[in-house]
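Just below is one structure, and these are the notes that go with it.
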């Protein structure tokens, strides 16, 4: 592989950031970061760790699609991994935010709980849209092209 091919292989896919899925991932990260900051201000380590972990997972998935690593690491079907992460994270964040909302003693917990609920909603919408695009009866390349649109 020449140096030019290597540089081209690591270029970011700017069109992904402009797509509906890219915008959804960025919106999820923004809401998770805001919830993280709210919980940090409120000094709530149990809520802080969960939002930080989901922020990092979402960031890694965004980088995976942005750098087109999903095409290089092909032993996993990444859209299904993304759907499972989104569904489980949304359920977990709903439980977490309801706990924060019902037992808040600091305003940061209240705001963090509301923003966490917004993030869970975004995660559910993301998983629904992605799952709707996945078809299991097409060839792998056709599936990848349809999902990346």
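Cβ from N, Cα, C; glycine included.
Automatic prediction, not curation, is the source of TrEMBL annotations.
Given the structure is predicted, the values throughout are model-derived calculations rather than measurements.
What TrEMBL records for 16-135 is domain 'MARVEL'. Marked as transmembrane segment by TrEMBL: 26-42, 48-67, 79-104, 110-131.
If you look at the transmembrane segment (26-42), the same-chain residues 6 or more away from its ends with a CB under 8 A from one of its CBs are 17, 48, 51-52, 54-55, 58-59, 62, 100, 104, 106-109, 111-112, 115-116, 118-119, 122-123, 126.
Summarising model confidence by region, the domain 'MARVEL' (16-135) averages a pLDDT of 88. Counted with DSSP, the domain 'MARVEL' (16-135) comes out as 103 helix, 0 strand, 17 coil.
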